[in-house]
Amino acid sequence: MTETFAFQAEINQLMSLIINTFYSNKEIFLRELISNSSDACDKIRYQSLTNQSVLGDEPHLRIRVIPDRVNKTLTVEDSGIGMTKADLVNNLGTIARSGTKSFMEALEAGGDMSMIGQFGVGFYSAYLVADRVTVVSKNNEDDAYTWESSAGGTFTVTSTPDCDLKRGTRIVLHLKEDQQEYLEERRLKDLIKKHSEFIGYDIELMVENTTEKEVTDEDEDEEAAKKAEEGEEPKVEEVKDGVDADAKKKKTKKVKEVKQEFVVQNKHKPLWTRDPKDVTKEEYASFYKAISNDWEEQLSTKHFSVEGQLEFRAILFLPKRAPFDMFEPNKKRNNIKLYVRRVFIMDNCEDLCPEWLGFLRGVVDSEDLPLNISRENLQQNKILKVIRKNIVKKALELFEELAGNKEDYKKFYEQFSKNVKLGIHEDSTNRKKLMELLRFHSSESGEEMTTLKDYVTRMKEGQKCIYYVTGDSKKKLETSPFIEQARRRGMEVLFMTDPIDEYVMQQVKDFEDKKFACLTKEGVHFEETEEEKKQREEEKASYERLCKAMKEVLGDKVEKVVVSDRLATSPCILVTSEFGWSAHMEQIMRNQALRDSSMSAYMMRKKTMEINTTHAIVKELKRRVEADENDKAAKDLIFLLFDTSLLTSGFTLDDPTAYADRIHRMIKLGLSLDDDAEEEEAQAPVAAAANSSTGASGMEEVD
């Protein structure tokens, strides 16, 4: 019985994109299909560790590639776990994977088709070279079924009880007319070597071997008759008569005989078992692509072994690009493959490395873990904890080595800086080493980024703190009023523009005995001479009345108004409490859909307003307030200064309309416009209309 199903909309869209768009790199389809077959073999082998009977009559796990020139088909077959009917329907058509939409978006943004495997939709790459695909699959839990589609929006699933598959999956590609090159033996050998040489199972390619054998005329006639029945003609080559008498009596000829047989294409032993000195850069790149489905080579490699009480070998690869779903909350990490004595155990062991290292790819092969270890036991296993600790240690070594190459480290940091910062937040043991990997723009670094270590070496004599500000962008922070005094004193300020920086700075307090000081918060004081301190005290006393008046006008909008020692050219700013949220953090938390309102209210407490006593506006405001505390223009100016301080300090306006009204009033003052006269002009047409209406009514009454 045959059933017809419609493809899920996103899958149908993806297939249409693959079929109707020209891509030169079509060869990746074979890599994707072999990779899927390898995964299927991994799954059945893992099951067999606890239940040997699942292998049944097909104990040998292998992958076969079979070209058929006569029927113009290419078959990829494995003896893996196979698929049930439900698997065929769901996995190959009706349920879109999370990566389907992401992959299409990546393609439309100019991405390479080679990335398809990273998004979990590699099977559909078959339609790059085939106009029809047939999938026959047999799972131990179900009968055999055949899935087939020509990508016309639907697919069929048919029960196949007479299938010769004992277990596994057979994918038959009916090749397009212009893709017949993938039936050539040499082409297939090259592709397997290029993309799949280090797959952990035998990849058997069906090849044709031609041999020559001598036959007598009688044997040759019989062979010719037999081949004639089969529609073939033997190729004959004459040989010279020998001197032997028997040879003269029985004339012999050489006949070419063609036999088909499977030949293993990936004969190299596992790469991680070899000495790193004997492995070439090309072999590492090939192996990395095989285990990661990446189309690019890795950025860097760490190949190491640990011996002693505990033995294991590992290869860690650092990709050039971050995975598209790296920080998805429900994503299961499958970046490190776990082997025990060369036997694959699993590729989603989340306890093998911490979450912040989830971008690393690689393999770990342990000599000490039991083959039949369960996922539950892994979490408590002491050996695994030691392996995890060593992976983190070697990863840090890899990053430190990479830091020696400025260009490569820049590529790494652009892609994975968030992971490094997440590590600082989560890994207190390695926090100091991770902090050395940080890079920031600063007021002195220009377009380059600086390390914390370099910042400390450039600190001014007597400078006790590492100064920094947080915000949306480097451009905004370069003109921030918070850094004015620091710049005037020749002190460098770090610019932290990544939202995760806010969380990082909650965990770190100092670096090389130098405390961090956020210039947007209270409690920041620059070193002053005795004369400067005296002058500051005099200014505070002189402006005490203005500060008090401003507080009375602003009321609950501010905690207090004080004389600033961090401003140089701006009239005023708003600073937060030392342990509260910065303006940037407030903005981040406001955008959190599930934020804790009570926590937000506590952390977003009233701000302190700081005024610059050297600024002309503040001086004039002081004069006006001292002359008349009820001066309306002075009150308007205080509110206007508060609102502009909100904006320049990185906060949002509570009442934009009131702010606009004040600006409009100031514009009128600048243009010497009279509010009362303007109101009379605005009311005149209304009054005229009213009088006109009244007059008309009166006339009607007279009539």
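Just so it is clear, glycine is given a Cβ too, placed from its N, Cα and C backbone atoms.
Under the heading ATP binding site, Swiss-Prot lists Asn36, Asp78, Phe123, Arg375. Among the features that Swiss-Prot reports, region 'Disordered' is placed at 211-247, 678-703. Summarising the annotation, Swiss-Prot assigns compositional bias 'Basic and acidic residues' to 224-247. What Swiss-Prot records for 699-703 is motif 'TPR repeat-binding'.
Annotated features taken from Swiss-Prot, shown on the structure.
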residue	record	DSSP (3 states)
Asn36	ATP binding site	helix
Asp78	ATP binding site	strand
Phe123	ATP binding site	helix
Open item on the list: I'd like the number of other C-beta atoms within 10 A of the C-beta of Asp78 (ATP binding site), please.
Closed with: 28
- [ ] Tally every other Cβ atom lying within 10 Å of the Cβ atom of Phe123 (ATP binding site).
- [x] 18
Task: Cβ contacts of Asn36 (ATP binding site) (under 8 Å, same chain, 6 or more positions away) - done: Gly122, Phe123
